[in-house]
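According to TrEMBL, the protein carries these features:
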SIGNAL    B:1-25  signal peptide
TRANSMEM  B:68-99  transmembrane segment
TRANSMEM  B:143-172  transmembrane segment
TRANSMEM  B:184-208  transmembrane segment
TRANSMEM  B:229-251  transmembrane segment
TRANSMEM  B:257-278  transmembrane segment
TRANSMEM  B:285-302  transmembrane segment
TRANSMEM  B:314-342  transmembrane segment
TRANSMEM  B:354-379  transmembrane segment
TRANSMEM  B:385-407  transmembrane segment
Amino acid sequence: MKILTFFSLFSTFLSTNSINVEENAGQFFSSGHTNNWAVLVCTSRFWFNYRHVANTLSVYRSVKRLGIPDSHIVLMLADDMACNHRNPKPATVFSHKNMELNVYGDDVEVDYRGYEVTVENFLRVLTGRLPPSTPRSKRLLSDDRSNILIYLTGHGGNGFLKFQDSEEISNVELADAFEQMWQKRRYNELLFIIDTCQGASMYERFYSPNLMALASSQVGEDSLSHQPDLAIGVHLMDRYTFYLLEFLEDIHPASKANMNDLFKVCPKSQCVSTPGHRTDLFLRDPGSALITDFFGSVRKVEITMETINLTDPIKEAEQNPMSEKLQKVTYSYVDQLPVSEIIHQKPKQKDWHPPDGFILGLWTLILLVFFKTYGIKHLKHIF
Amino acid sequence: MAAPLTLLLIVAVTIRAALYRSSLADLISERVEVVSPLTAWKRVVEGLALLDLGVSPYSGDVFHETPLIIYFFHFLVDYAEITFMLADVITAVALYMTVKDYNKQVFRKQKYALEADRYPLDCLELIRSPKEMYYIPLKVAMFYLLNPFTILSCVAKSTCGLNNAVLALFILSTIKGNVLLSAVFLSLATYQSIYPLTLCAAALLYLMQRQYIPVNYRRASFWWFIAQYAFMYLGSLFVIVCLSFFLLGSWDYLPSVYGFILSVPDLTPNIGLFWYFFAEMFEHFRLFFLCVFQINVFFYTIPLSIKLKEHPVFLIFMQLAVISIFKSYPTVGDIALYLAFLPVWSHLHRFLRNIFLVSCVLLTCSALFPVLWHLWIYAGSANSNFYYAITLLFNVAQILLVSDYFYAFLRREHHLTYGLYLKRKDGSEATLVLK
């Protein structure tokens, strides 16, 4: 009897499962991305910028823990803190003063190190315009189904980010690089996080679709660092990334936390600066975008023992009804570039000519002075 | 004297034309000693190009010329070389005619003084004769045209050549006694760069003496003449300024030209004294030092004009020298103008004390300017102190030159009054010291 109930339950379970799988096959195609990439950049060098390297390494650690492999991470560190002469604890980079967390770990793979971290290299990585001799580990080999996480940290200002204390990248250049990526179909969705002073200025100029941006401070505000460690002697991390790391430590690959939770990370009471975010270019509702869509590499895999009939056309799973303002026209690659607005027409050269009144006045005066000096008697020679 | 002058003009024009065609023209037009932000030809072309694009040329820090220059070069930009050569020729001819007239007057005054027995007997060797003064005008024209400074300035197409032409015409009209033209040219010269304002004292003195108005501040005719001259000067300045407003329809040029000259924002090294000081200065002292430096240019007018009341042409020479040394953006073209006057005072050579030292220092510094510039900017083995040292030395040499001539002039006047061999009351030989 029990076996029969069990068997009937099992069969109903199986049958419902199979029906579910067929009906839910649409869910496999709802999020749009099939692979994840991460570009993590630390732009500052010198020992006192320890915290920027720690920032980047902590995001690297989270991203790797959540599943993105090293082959899909481009890690650019402008300086080497772990093996710096001034590091009292060599081969470690800590995130908190109690040395709780060594973000350097055992298997860090740095792709661009030291002086290789330049604006040119960064932009070349993003746009893919690298010389043919560049090894694969240094390339961002994304395609149009890739979700990319880009994390920048360093010293910045209103509209620029300083690289290596000698050059800077502007928000316009960054926006243009992302537009190039869009046109070359190098991303499906892109999450841009920046932890610098006045970081919000860096995402102000974005104009490509499917970008979401977060910054640690608004224009006019400085991003502050967390506590210093008295043994190491420098500030270990920046506040925003510290609380971001804390938040990410609670995320596991099956977590359903979404972007709205990420926006709440580090409120003003903890961060002192006001973190900002920008979602107007992002076509989905941020609430439907999972953290693991960007920070992890979650494969949609469901194991089933039966064959599934996919002859019916797969419909996309219904998404949450979007509010009016988020209803956007989906861009196609062809017609989203207003060429005539972007290519400036050269203004027609019309020569400037001095006004006639001026010429008249000047020569009248000259003639007046001439005749006053030399007398009216010369007048009869003219007329 | 027309023939030698024409020959000289042809030689000068040939030299300039030859240099224009050579590759040196580009090299010279970038030298900071020859062009300044006020006078550079590159900036004139840039301003005209901006105007063609519909932008005011005074936006940004590029163009610091007056609107009359815009008008002038709008039509002549293709003939720029001929224009600058012509400007040099006009300056030389004007100086020639000036000095000829001046010599005539000097000789006439000397004749009257001789007849009135005003000179002591033993200073007859100081009296000048027409024979020795015959070639002075030609020498003045030659000193101006064949001076390497002038040639460099002309080849670089620096608008300093035009400023010099206006100043030379001003001096010419003053010497000829034409009050209106003198006021008009002075207002033009002041309109171009503010500093020739100091020459008005000399012009007033000269014109008053020429019209036999006594130079006495208690007399009404003195003030009446000053009022007339001031009215003509201010009137023509006002007319020129308003006309410049009508050219572009805005008053932008006032801060760009006069604000630039007076507040010295551009600290590119040149042969003047301002750049190094102001590069080192703290911001809160800047206004104070700016006032000090600018007053320094205008300050010598009153004492010099009191001392040189009887000799306004020498006063003009000294004022030109003071302007060229202490102005905010001097170039070698400014120096060339007052150096052209040196043959006029060639009779003073026996009283000059430091002329060998001064000429050696001037020559050496002129040669060292490009060397130390190269060492500082290109080789990196010197720094700005080296270049400023040469600048300082150059200016000190110029000041020494001018004060030496001042000393010699006053000494000659003293001898002409008191005799050549001075004796103290007890009969022993006395020496004359400039205090």
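Positions of Cβ are set from backbone N, Cα and C atoms, glycine also.
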Interface check, the transmembrane segment (B:184-208) with the transmembrane segment (B:285-302), three or more C-beta pairs under 8 A: yes
Close approaches to the signal peptide (B:1-25) from elsewhere in its chain (Cβ under 8 angstroms; 6 or more beyond its ends): 81, 84-85, 88-89, 92-93, 96, 100, 137-138, 141-142, 145-146, 151, 154-156
Residues of the parent chain within Cβ reach of the transmembrane segment (B:385-407), under 8 Å, 6 or more residues beyond its termini: 269-273, 275-276, 317-318, 321-322, 324-325, 335, 342, 345, 348, 351-355, 357-358, 361-362, 365-366, 368-369, 372-373, 375-376, 434
Interface-richest range of B:68-99, B:143-172, B:257-278 toward the transmembrane segment (B:314-342), CB pairs under 8 Å: B:143-172
Selection from B:68-99, B:257-278, B:285-302, the stretch that has most Cβ pairs under 8 A to the transmembrane segment (B:143-172): B:68-99
